[in-house]
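> Below are the structure tokens for one structure; questions will follow.
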Amino acid sequence: MIKREPNMIADVEGDGFSTVEIPQTAHQISTGMVFIYPFLRFSFLLGFFLIVFLLFSFKFWCIGEITDSWFQAGVVLTSGVNSVFVLGYSGTIMVHLGWIGGVVGLVLATAISLYANMLVAKLHEFRGKRHIRYRDLAAEIYGRKAYYLTWALQYVNLFMINIGFLILGASSLKACYVLFVEEVTMKLPYFTAIAGFVCILFAISTPNLSSLRVWLACSTILSLIYIVVASVLAAKDGMNAPPRDYSIHGTTASKIFSIIGASSNLMFAFNTGMVPEIQATLRQPAVENMLKALYFQFTIGVVPMYAIIFIGYWAYGASASTYLLSNVSGPVWVKAAANIAAFLQSVIALHIFASPAYEYMDTKFKITGGAFELKSLTFRIVARGGYLVISSTVSALLPFLGDFESLTGALSTFPLTFILASHMYLVAKKSSLSSLQQSWLWLNIVFFSCMSIAATVAAIRLIVVDSKKYHVFADV
């Protein structure tokens with residue numbers, strides 16, 4: 001019997017674990033070199049991908065300004081929807097909502113999110129002026145105080161999303177590592193540090209959002225790799241597995257809190273909180289082009305996400321992990337490629353969501369000139385490096401992915417995407433709206449305000465429960 005070292009990953013409720021088992025091929029190593037050879041193989045494989053990755057980054061740093069097509073914006077939005085987070089939605093959404101609640105919830109969340117993002121996009125040229133930041137748009141409608149409130153909400157949202165990317169990036173590196181090493185000695189916090197370091201290198205070499213032109217194609221390819229691999233291997237496991245358990249587990253109270261948290265995750269899954277920033281890079285007509293990009297995101301763009309969520313839950317039921325590649329079985333090289341693709345995509349996606357923070361720091365400190373001039377380069381090393389060091393530390397300190405998704409949705413996605421968007425549109429377009437349209441917008445504002453409060457309570461409860469069960473810098 002071959003001994004296997006499990007990598008324990010907690011589910012959202014903290015009631016159980018999913019195990020990542022070392023395949024038999026990882027054990028066909030001489031006893032004397034049980035750690036060194038496999039680790040070198042893992043390091044060489046990862047290092048090769050990183051070198052190619054960063055060389056491309058330095059080569060394609062060309063800056064574009066307000067010239068992007070709607071398709072490019074659509075790909076940016078789709079990259080966000082199909083980011084590495086999709087590998088966790090089977091476990092963080094479907095497990096707590098079941099088939100009926102999960103399917104209905106995903107369809108409703110898609111439609112509601114499209115509607116809310118369209119409201120924001122239509123306000124881009126309010127009063128004849130292009131508003132390139134969410135906070136600028138809020139200030140134009142409400143006044144200067146709203147600028148700071150929106151700024152705080154948006155950056156809390158993006159910061160917490162980046163924490164999720166770092167947790168998932170670290171999880172993908174660890175899942176790849178255990179495929180090649182028998183005696184697992186490196187814990188999750190070490191992989192979080194590695195992920196953070198790579199993100200720092202990428203942030204330094206990629207000056208702004210428009211510099212991601214070539215990386216949009218890379219991100220799409222990487223997403224397809226891990227989505228296709230995870231879907232195919234999960235489908236194979238599902239066809240060979242005995243009947244699964246699709247029931248929702250836990251006490252009545254825990255079920256209620258988990259359902260609320262999963263509902264928050266639903267809204268988190270579809271929304272970026274940075275529509276104006278993406279729209280700012282579009283050529284005219286900016287509003288029409290952004291609407292086309294949103295239609296692309298919420299039709300063609302959501303198909304891969306739907307596929308992997310439903311296949312993952314069908315294959316593993318209530319035991320679906322918060323990182324689906326930890327559940328699947330298959331050839332080592334295929335799983336390794338998928339995990340590396342997931343890691344690299346998390347680096348690109350994190351940069352997209354961190355761009356507003358980077359742009360704010362560049363503007364605040366008046367960083368101008370060439371992207372690789374000494375002053376600009378030094379500033380990016382210090383400012384972006386510091387931002388990502390803080391993010392990586394928080395990610396390693398509390399690596400509870402589902403909890404952070406719920407809290408992000410509650411504290412920022414609901415207020416930014418649904419409450420604020422509806423109220424801004426109501427204020428800006430009030431004279432041209434019918435009483436029915438105004439009532440509908442007020443209904444959205446009240447409903448999502450209640451959801452935000454309930455989801456915040458549920459998310460804090462989840463974090464408290466998990467924090468009691470695991471110590472800080474936990475290897476979950």
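Placed from the backbone N, Cα and C atoms, the Cβ positions cover glycine too.
Not my notes, these are from TrEMBL:
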DOMAIN    67-460  domain 'Amino acid transporter transmembrane'
TRANSMEM  35-58  transmembrane segment
TRANSMEM  70-91  transmembrane segment
TRANSMEM  97-120  transmembrane segment
TRANSMEM  146-168  transmembrane segment
TRANSMEM  188-207  transmembrane segment
TRANSMEM  214-235  transmembrane segment
TRANSMEM  255-273  transmembrane segment
TRANSMEM  294-316  transmembrane segment
TRANSMEM  336-360  transmembrane segment
TRANSMEM  381-401  transmembrane segment
TRANSMEM  407-428  transmembrane segment
TRANSMEM  440-464  transmembrane segment
> Is it the case that the transmembrane segment (70-91) and the transmembrane segment (188-207) touch, counting contact as three or more CB pairs under 8 Å in which the residues of each pair are 6 or more positions apart?
no
> Please indicate, using numbers and ranges, the residues of the same chain that are 6 or more beyond the transmembrane segment (214-235) and have a C-beta under 8 Å from a C-beta there.
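Sequence-remote neighbours of the transmembrane segment (214-235) are 56-57, 60, 72, 75-76, 78-79, 82-84, 86-87, 206, 304-305, 307-308, 311-312, 314-316, 324-325, 327-330, 334-335, 337-339, 341-342, 344-345, 348-349, 351.
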> Please indicate, using numbers and ranges, the residues of the same chain that are 6 or more beyond the transmembrane segment (407-428) and have a C-beta under 8 Å from a C-beta there.
112-113, 116-117, 119-120, 122-123, 126, 134, 137-138, 141-142, 150, 153-154, 156-157, 160-161, 164, 264-268, 271, 273, 438, 441-442, 444-445, 448-449, 451-452, 455-456, 458-460, 463
